[in-house]
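Enquirer: Right, I'll just put the structure down here and ask away after.
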């Protein structure tokens, strides 16, 4: 059997196609590429999806096939970072920009085989191994897409879970406690009185307003500002050239006694005056402590002016004035002191107010038949403060229960013979009379031992005192000689007196609170008084009117009055006192004050050293 063998001959075209298919089989599978393209399209829509890290470059192979050193690599990074900060101030450059700059900077690669250095927290886009850098750059060169890829992650601010504690409880440092606070010493009493004198508004100094925004508000800077900027109002050079303290008017700008200065020191235009009168009975020994006389504990603030009148004063007048200075301390200076025999009148003012006082004038009058005897009479002191004139008179009238007419004669002689003012201009001459010195001043205070008695028997007076002790004394004052004569208009015309709520100040046994136990058995009386008069109604307001019961070295009790007096701006053409005061008295009073404090400390130290501690063994 013969088999037919068919020889198959390969077709060259078919063989060629088969070889092409084998080559296609050997080609890499491109399905991953298609999947990755779809993935990239989705990534463009959501750029914040996590992406796999980039693959490292071949070791030692850069874009140009050059190996670079470590120094060149660091230098290139610095150059790239500086360029990014200059060209991208908002720091919103994309990761592809850094890659592009990396490929163009001298073709530098990584010799160590580590991945490319990218900005912090930056996620590069996924690249297939067969893709080149240029293809990646072309894919991400759209600027809109670059804005969607921040180079740094910006953290949101922390939110507190609860309320913050108070600053005082959580901050212990002084600098935190003084933040945004200006020291009260830098505040200034500017011209607030003209816009509303009844309010307590304060205007900040000009220097404070300039520093408010730029000052570092800690304790150190506040103290440094105090040393550089004064609490006083700044003065412009042109004001210094134009202003004159020798000539001026009420409306003059920058006048020393004008409205601007008055409102700065006294926004409510009220001056505090303290008046004290005391018949010392000529005692040589002064009280150990005068604080109760000048600085009573039931008052909140010390006054601006202290006026002390004494009748039958101690023999050593200078010692008395030194004791007053020692008690008032360094805040006050003695403006003036005058005397007429044993009548003493002393005026103290706050040391920063003496520049607004005029020259001080005084005059004396004796009411005795023989003028050489100066136990009875009056002494007066007059001066101008800003635009308000003051007159202070202390006097000692004739004594005796029934000598009311003689006391009226003493009063009339004083108001006619007291020659004041002499050189001071009258602030309101249309209301002045030549026969009454009290009409030639705006505010008048007359105080002393007037010696007016109660027209009542002693037994009846004591019975009434037992009923009204510490209350209104009107049942007793119905029998007062002075009030009766004032109502009839025979004495102290135009004067007023505050209501009396203290017991009679005369006559006590020395050293105790018992009225006269001698054979004379004098009736207790209100002999020591303080009266006041003003040209304008309601210029003087009474704050306190009382007696000082703790000082018992005399048969009289001192009487104290505190007042608020209305002030008005003045003119600069009055003769100024130019800050004159008794310097030697001031220094001696301060020296004694310091010595007294040192003795107290030494005594306290001795008491501590002498103390013993008992121990039980």
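Each residue, glycine too, has its Cβ placed from N, Cα and C.
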Enquirer: In TrEMBL, one of 358-377, 378-397, 398-417, 418-437 is tagged transmembrane segment. Which stretch would that be?
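Expert: Within the set 358-377, 378-397, 398-417, 418-437, TrEMBL attaches transmembrane segment to 378-397.
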Enquirer: Of 331-349, 445-463, 464-482, 483-501, which range does TrEMBL call transmembrane segment?
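Expert: That would be 331-349, the stretch labelled transmembrane segment in TrEMBL.
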Enquirer: Give residue numbers and ranges for long-range contacts of the transmembrane segment (331-349): same chain, 6 or more residues beyond its ends, CB-CB under 8 A.
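Expert: Apart from its flanks, the transmembrane segment (331-349) reaches 282, 302, 304-313, 317, 320-321, 324-325, 357, 360, 362, 364-366, 373-375, 377-381, 383, 392, 394-396, 448, 577, 581-582, 585-586.
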Enquirer: Can you work out which residues elsewhere in the same chain, 6+ from the ends of the transmembrane segment (378-397), have a Cβ less than 8 Å from its Cβ atoms?
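Expert: Answer is 250, 257, 261-262, 271, 275, 277, 279, 305, 307, 309-312, 335-336, 338-340, 343-345, 347, 353, 356-365, 367, 406-407, 410-411, 414, 418, 420-421, 424-427, 437-438, 440-452, 565-571, 574, 577.
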Enquirer: So what's the average pLDDT for the domain 'Inositol polyphosphate-related phosphatase' (269-571)?
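Expert: The answer is 94, the mean pLDDT of the model over that range.
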